[in-house]
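Chemist: Mind having a look at this structure? Questions to follow.
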Amino acid sequence: MSLTAGIVGLPNVGKSTLFNAITKAGAEMANYPFATIDPNVGMVEVPDSRLDRIQELIPAKKVVPTTFEFTDIAGIVKGASKGEGLGNKFLENIRQVDAIVHVVRAFDDDNITHVAGKIDPIDDIETINLELGLSDLEAVDKRLGKVQRAAKGSDKAAKAELAVLNRIKPVLEAGKSVRTMDFDEDETPIVKGLFLLTSKPVLYVANIAEDDMADPENSKYFKSIQDYAAKEGAEAIAVAAEPEEEIAELDDDEKADFLEAEGVKEPGLNRLIRASYKLLGLETFFTAGGKETKAWTFRKGTKAPQAAGIIHSDFERGFIRAEVMAFDDLDKLKTENAVKDAGKLRVEGKDYVMQDGDIVEFRFNV
Ligand SMILES: Nc1nc2c(ncn2[C@@H]2O[C@H](COP(=O)(O)OP(=O)(O)OP(=O)(O)O)[C@@H](O)[C@H]2O)c(=O)[nH]1
Ligand SMILES: [Mg+2]
């Protein structure tokens, strides 16, 4: 079930630097384009202040955050869909990921090569999105060739797919992303099955200058990136990849000092990680007390037995019920007993849809 967020962007914009900052995986970072060829894969811990609060109220021996996967992908250049740069190979790498974290250079530094020779974030974003769109257009045309024939007969599925393809094609031809379109519940699975690059959810990350860290709104580039994202219904986040990568290597005390010196409350990386997690449709439940207080990742919409199965397959097989309290209730009322007395400790059955922030004890019998 492991979902992965793919880091995508032009060459030499700081993708691997960002990847290392969040995963501490030590991928190669270098001041030349196409330093990354094969994708780097790494796990990222999800920073979650709720864990600390639970630990404060229901102390356990250990606190274990949850993790999810990031993939650092090679840079894309203009003409990539036609084989320029690393060509179609990396487009395949992008096809494998579940959401796109699109890194855009938003810092000036004459020492760091920009493949286009100038800093223009919107132009950069459009270059990438155009290549992804062209690749999608090719895929749609190929599919149309097949489906058109089948749709001539009585093949209902083919007719439905044909209708979707015919809606998508002009949007791509106009240079827009498929994610800007609305699909109904019959169309959605058809679109999913096409694995189009521009239908993947996206988060724009402005790699800003260190000087703008304390106040990203001050960056002369960030606002335009935010506006571009908003038009697509997407989010944009500002991170200074290089200093953040240095911060990530420090221990907690040094980290606090560094952040204070930079005038930053929380590392931009934390916001980036949380936004990517959300982008993937991931949510968190907790198990608390005893040996460990632990955060667990589930896909939005998961029911209680399947959530139990994330901990152990026996929990799912022998699922009886889930005893659930919301984090917010524990936070307010402070003890499990107080939550119970307030009638907010719930007993939920096999059809219960898990909610982000649930603190759960599963009852099972095998
Ligand atoms: N000044 C400055 N330099 C940065 C920043 N982020 C990355 N760099 C530098 O930019 C260069 C490229 O960084 P990488 O992380 O390797 O870039 P990439 O996007 O992974 O590049 P490819 O793998 O070649 O596509 C390195 O020399 C980094 O040190 C930043 O925030 N500010
Ligand atoms: Mg790289």
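Cβ coordinates come from backbone N, Cα and C, glycine included.
Copying in the features that TrEMBL gives for the protein in this structure:
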type: DOMAIN; residues: 3-259; note: domain 'OBG-type G'
type: BINDING; residues: N12, V13, G14, K15, S16, T17; note: ATP binding site
type: DOMAIN; residues: 281-364; note: domain 'TGS'
Chemist: Just name the winner among N12, S16, T17 (the binding-site residues) by count of other CB atoms within 10 A of its CB.
Modeler: S16
Chemist: Can you tell me which of N12, V13, G14, K15, S16, T17, our binding-site residues, come within under 6 Å of ligand 2 at the Cβ?
Modeler: K15, S16
Chemist: May I have the list of same-chain residues other than N12, V13, G14, K15, S16, T17 whose Cβ is within 8 Å of the Cβ centroid of the recorded ATP site, in sequence order?
Modeler: G9, P11, L18, M29, G75, V103, N207, A241
Chemist: Within 10 Å of its Cβ, which one of these binding-site residues (V13, G14, K15) has the largest number of other Cβ atoms?
Modeler: K15
